[in-house]
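To start, the structure itself, in structure tokens.
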Amino acid sequence: MTQETYPSCSFPAHPRSWVEIDGRALRFNIRVARERIPKKTKIIAVVKSEAYGHGLIPIAKELVHSGVEVLGINNIDEAIELRQAGIRSALLILCPILPSEASIIVSYNVGVVISSYNEAKWLSQAAERQGKKAIVHIKIDTGMGRLGFIPSQFIQEMEKIKRLSSLSIAAICTHFSQAETDIEATEKQWLELLKFRHYFKGLPIHVANSAALWRKSVYACDYVRIGLALYGIAPMPFLRRFLKPILTWKCKIVLIKELPRGHPISYGATYKLKKPSRIAVLSVGYGDGYCRSLSNKASVLIKGKRCPVRGAITMNLLMVDITDLPSCKVGDEAVLLGTQGKESITADELAKLSQTISYEIITNIHSHIRRNYRHFLSHSNELSLYE
């Protein structure tokens with residue numbers, strides 16, 4: 001089977017560690033999300049930060065091919081990359097912009113979620129110079145404490161924004177801070193937003209992230225913003241049975257050693273063998289995005305069995321105990337994240353061991369790690385990102 005390449009990407013021609021992305025699972029998760037929302041509701045698929053580490057362009061193309069209406073991004077650089085890749089769908093920058101970016105944002109026909117009058121002014125001025133209308137979504141800070149207009153100042157600021165002649169207000173939105181964990185706090189934010197709905201005379205609303213989508217159906221308004229669930233990672237444990245993770249991270253055994261009882265493993269001698277052991281050295285480390293905090297905690301899958309990580313994870317290598325797998329040899333595959341046989345290692349599992357969140361686990365996978373895309377309908381052939 002031939003492979004499509006992306007010349008702008010630089011990946012090892014002979015990778016020792018790589019990621020496989022399953023297009024079938026991605027489409028399955030899109031269908032699951034569609035089943036949760038009314039037919040009129042549009043999806044804003046969040047593809048910022050390289051589509052949560054999965055690869056911006058291939059994921060975006062597959063989402064558009066699958067009917068997703070809007071792509072949510074971090075900044076103008078991502079917008080330019082998408083436009084240059086031939087994607088003409090609606091784009092929405094979710095984060096604050098700088099004044100120097102306003103002109104190019106308007107020229108590329110990109111919407112912006114704004115949290116200040118200044119952003120609105122910069123965009124309106126740029127749009128006026130170009131004879132266009134700048135597209136904005138107005139965010140209200142109902143409890144997140146990050147972006148959005150403060151409710152007590154909102155009406156005053158909006159009166160100023162409405163006087164900007166080259167601005168098109170496309171929607172009103174907010175962002176839930178505790179949709180995964182606190183139903184009451186989420187409902188409080190929702191009710192805070194509704195206080196201002198009359199002010200917009202029927203403008204579209206979006207509030208729901210992946211977690212909120214499964215909290216209450218009323219949160220699925222005119223748009224829903226879905227990120228984590230698209231990639232098959234459950235924002236809440238009960239959702240795991242509904243979603244399919246689309247990413248598998250693999251590497252290879254590069255060395256096998258027989259070591260005696262009491263032998264130290266890796267920097268700092270943080271682990272000493274409790275018995276004579278067979279140790280495999282794997283071709284991945286924290287320099288590739290595999291968290292050092294997983295040292296002496298995580299396992300990897302080899303031949304469908306869990307093999308514990310021993311010692312400190314190093315920049316490009318880690319060690320695992322394969323004493324119970326005598327048939328292992330150099331070159332065998334190891335699964336760092338994903339399924340092999342009947343065993344699975346999830347992003348949630350690694351996040352818990354690292355005392356972080358699943359978002360960080362997947363976005364940490366370094367951009368130099370080769371991504372192989374399988375069963376993607378937006379491309380005629382299996383494609384692999386490499387030089």
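Glycine is treated like the rest: Cβ placed from N, Cα and C.
What Swiss-Prot records for K48, Y267 is active site, proton acceptor. Swiss-Prot lists K48 with the feature N6-(pyridoxal phosphate)lysine. The annotation substrate binding site is assigned in Swiss-Prot to R146, M315 on the grounds of sequence analysis.
Here the candidates are the recorded positions R146, Y267, M315, and by Cα distance the one nearest K48 (active site, proton acceptor) turns out to be R146. Around R146 (substrate binding site), a 10 Å sphere centred on its CB holds 12 further CB atoms from the protein chains shown. Sequence-distant contacts (6 or more apart, same chain, Cβ under 8 Å) of Y267 (active site, proton acceptor) comprise G311, A312, T314. Counting every protein chain shown, the number of other Cβ atoms lying within 10 Å of the Cβ of M315 (substrate binding site) is 11.
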